[in-house]
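Comments concern the structure below.
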């Protein structure tokens, strides 16, 4: 199969899966397209890293990071909550097949295999959570500026709309 055709198939089906899940969970109609784009971009990052031989955990972390950044950007653009874009966006990254294998191994009595699958699911879920957390952290750093509190030498993040006295003095 040609590389460009494989890429096109991956992009198309990740977009469709994300939009289909967004419809199921009643995402507003005006956010469906961008939710699909968030999922597609995250899956693209995951797929490309897997193609170049990166590990599954790193690929999931970077994919979740990309989805998180897209979700934050789209939420600011559409003036909607970030969760509207993040929840459908991470559907392509969910380790459903591995979770199924864990349940199947448990039912068949292969407890060692089940434990391996469960640990893999937990590590992938942790990588996804860390990816979202890093995206949120980067967003906080980019959209707010650091201000040194002269009383306690603690760096605080504030923006122009902050009501804190120290931030109000420093930001003006």
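Going from the start of the chain as shown, residues are counted 1 onward.
Cβ atoms are placed via backbone N, Cα and C, with glycine included.
No curator has checked TrEMBL annotations; they are predicted automatically.
Quantities reported herein were computed from a predicted structural model and do not represent experimental measurements.
Annotation comment: TrEMBL describes 10-137 as domain 'Threonine/Serine exporter ThrE'. Under the heading transmembrane segment, TrEMBL lists 6-25, 32-49, 55-75, 82-102, 114-135.
For the transmembrane segment (32-49), the list of distant contacts is 7, 10-11, 14-19, 22-23, 58-60, 62-67, 70-71, 74, 77-78, 84-86, 88-93: same-chain residues at least six beyond its ends, Cβ to Cβ under 8 Å. At the 8 Å Cβ cutoff, the transmembrane segment (114-135) and the transmembrane segment (55-75) share at least 3 close pairs (sequence separation 6 or more) and count as touching. Same-chain neighbours of the transmembrane segment (55-75): 31, 34-35, 37-39, 41-47, 49, 81-86, 89-90, 92-93, 123-124, 127-132, 134-136, 138-139, counting only residues six or more beyond its ends whose CB sits under 8 Å from a CB of the stretch. Counting residues per DSSP class in helix, strand and coil order gives 110 helix, 0 strand, 18 coil for the domain 'Threonine/Serine exporter ThrE' (10-137). Packing against the transmembrane segment (82-102) from elsewhere in the chain are residues 14, 17-19, 21-22, 25, 27-28, 31, 34-36, 38-39, 42-43, 46, 60, 63-64, 67-68, 70-72, 74-75, 113-114, 117-118, 120-121, 124-125, 128, 132: each is 6 or more residues past its ends and has a CB under 8 Å from a CB in it.
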